[in-house]
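Trainee: Found this in TrEMBL, in case it helps:
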type	residues	note
TRANSMEM	A:41-62	transmembrane segment
TRANSMEM	A:74-93	transmembrane segment
TRANSMEM	A:99-117	transmembrane segment
TRANSMEM	A:122-141	transmembrane segment
TRANSMEM	A:147-166	transmembrane segment
Amino acid sequence: MTLAAVLAALLALGVVARGMGFLPVLGLVDAVAMLASGTPPLTQSGAGVALLLGIAPGLVLSRYQADATPEGQQAALPSFLALALMVLLLLAGSRVQGGQFPAGLCIVAAGLVSVACRRGMVWQWAGLLTCAQGVLLSAVMAGQVMAFGAGALGGLVVLVLGALCAQRVLPRRARALKGEKRRNEV
Amino acid sequence: MNPNLTWGWAIGSALLLFIQAILLVVVAPWFAGLTEWVAARLEGRPAFRVSARWREIRHQGHRPCLRTPAGQASGMACRGALVLAVLACALVPVFTVSAPGFVAPGLFLVCCVLVAGMLLLDLPQTLQGGVAAWWGCAHLLADGLVLPMLTPVALLAGTTRSLPVFLAGLHDASPLLDGAPYVLAGFAVFMVVVLAPWGDEAERRIACLSGPDRAIWLLATDCLNLCWVTLAGDLAWAGSLANPALGDVEDWLSACMAGAGLWVGKVLAAAVLLGLSRLVVLTASRRARVRLGVIFLFGLLAWQMTWAASSQPVVLDEGAAAPTAEPQSGPRQGSVHGGLS
């Protein structure tokens, strides 16, 4: 159990509470947690995929306006729900796990809560990517190559489909439009 | 008293406890001033000097005291709170733990003293009457519930061990690896201060106090806040505390010096974090709820993680001893258990 793994779980809570902004930090800490535990070839590729999943969505979304879907009345509730789920998960799994902190599982739980309880499209996308990062982390910690492959593939598919969806749904930002016009004039 | 404890170690421990208490009481207003300065800088307000808080306390101490009939009780409450705050300053290890066998309370008792001090500080507003009394009762409730919410942290520290023994057991736990749950526990304790009332809300709490009463209230609040912060720092990284069991007197004193330097670093970091937390805007009732929820859930997460790490073979028929009794040997036991299973 490393502090990076614990921090990654807490940053996943940040994604549930605040949205996309925490995703790059989550990717970074996730990569550090992978590098700190596991065997070399898997950890390095895992860290690379985690960084990609963390940073790419922010770059894609910087071309579009913010998703302004209003949230419900109890906006603080989902983060507490996710934290409570993590605690329950640990309570249930403490005797089975043999002394390991199931950080990946906690991140997956937080991502699922984000998908289920948030209304904004971008927020749900962030939740799905969080899930993918959690799967990657647990696969790297357990040294499961098949699970890692499936998690990485799923994460990349979610990344690409989410980017396409954002392109269809979200209005472009004024600055990006201006640059495009100038390019067309030239 | 433990028979292993010689008179020399006992006197040295008592002397250093005294020095630690004085240090906390003197530094507390400076810490509050520093927090205010950092917060003002981050918000872009004109910032007072770091010594402003200390000067205000001195200034208020010289002013005449105007007391309403209810003011007598308020003054008593303030003085009681200051006594508890100074007591808490003596109970919280700053740069060293006391020698093994020296009489010391457990973590839960220290938390009880701190919460009792906070409750006494809420009394003046409650005694005011009218709408202020309603708000005072709300503060009383919010501060009183902090203690039950800290139960997981107290369980993590063990119910039968004293705080120095617990912290000495954590001495070798690195906060990045096997000590990570204790960082969470420290965070839970730190949240007591982070989401406490401040600014206008704190001003409204002392609106009825004047003169020395107000000075005592301010000093007691600062002492309690610094105690919480120091306690959180101790839990998060106990390795910075000097341990008299590890060597002779010279080793201990040099470790004390290093521990004092590290404590200053921890306090500076805490001031920056507190200044950052002032940027979060929440309404009063919501902040109280968020504070209680965060303290409880983070404490529970921390306790649960140490419990999972120190998993022992489950013995159903002997009423299995509390697993929290020895989390300092957690990782080794965990690996043994993992190997067996």
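Each Cβ is built from the backbone N, Cα and C atoms, and glycine gets one as well.
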Trainee: Flag the pair the transmembrane segment (A:122-141) / the transmembrane segment (A:147-166) as in contact if three or more Cβ pairs fall under 8 Å (sequence separation 6 or more).
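Mentor: Answer yes: the transmembrane segment (A:122-141) meets the transmembrane segment (A:147-166) with 3 or more Cβ pairs below 8 Å.
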Trainee: Count, for each of A:41-62, A:74-93, A:99-117, the Cβ pairs lying under 8 Å from the transmembrane segment (A:147-166), and report the range with the highest count.
Mentor: A:41-62
Trainee: For the transmembrane segment (A:99-117), what are the same-chain contacts with Cβ under 8 Å, counting residues 6+ beyond its ends?
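Mentor: Non-local partners: 1, 5-6, 8-9, 12-13, 15-16, 26, 30, 33, 77-78, 81-82, 85-86, 89-90, 93, 123-124, 126-139, 141.
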